[in-house]
């Protein structure tokens, strides 16, 4: 092979590697800025923030209260518009899509878990978990079948017919995790998912999230104040002065 052919082959191999690397990223934020007007002043919460999340990666986001962690999740999830910059989801320009396209991509590729479970109190655990599938216009029978399977994955198969008020705090949060994962999303955005639980229950719920991340190859972006839980993620980033900084790995 002559030098020109060799160079061309090397270039094609490099391009394939770059393309494969791009496909590894489930979620990316580039130059994301978010500002609010408060009391006549412009308050900048996110400042040229950069973030990448690989497939199956568990990323913890830590920072002081009021530092903008929840705002970051809202922007990453397409629930709030950035003032500048862009978010890509599965390689698509998420924040630049029309509202209908963005909603469809969000419903297909993202799951959400909050500190307070936000379950519908009048619905059973089964129907709460089935709800995202029903929104996708899946039949009631098929949606309930898949919801039952996911409830069994989180150890709540026998509790499927119970309403949220009949479940413990840890059980309600496990239902919320099942609801977030039932659509098999590429990434789950979790805002203080264990913040309302006692230490033992929080550890159980977090173990479940880590196990499901491994078995389902689902990425997680987890906002948490708990350094012990953060240390068990693949990476930790700290939000300070509107900018994300990579933290050194902590001993588990």
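Placement of Cβ uses the backbone N, Cα and C atoms for every residue, glycine included.
Per Swiss-Prot, the range carrying the annotation region 'Disordered' out of 1-20, 21-40 is 1-20. The residues near the ATP site, meaning same-chain residues not in 63, 64, 65, 66, 67, 68, 69, 70 whose C-beta sits within 8 angstroms of the mean position of the site's C-beta atoms, are 239, in sequence order. The Cβ neighbour count for residue 69 (ATP binding site), using a 10 Å radius and every protein chain shown, is 22.
A helical conformation is recorded for residue 70 (ATP binding site) in the three-state DSSP classification. Listed in sequence order, 240 are the same-chain residues at least 6 apart in sequence whose CB falls under 8 Å from the CB of residue 64 (ATP binding site).
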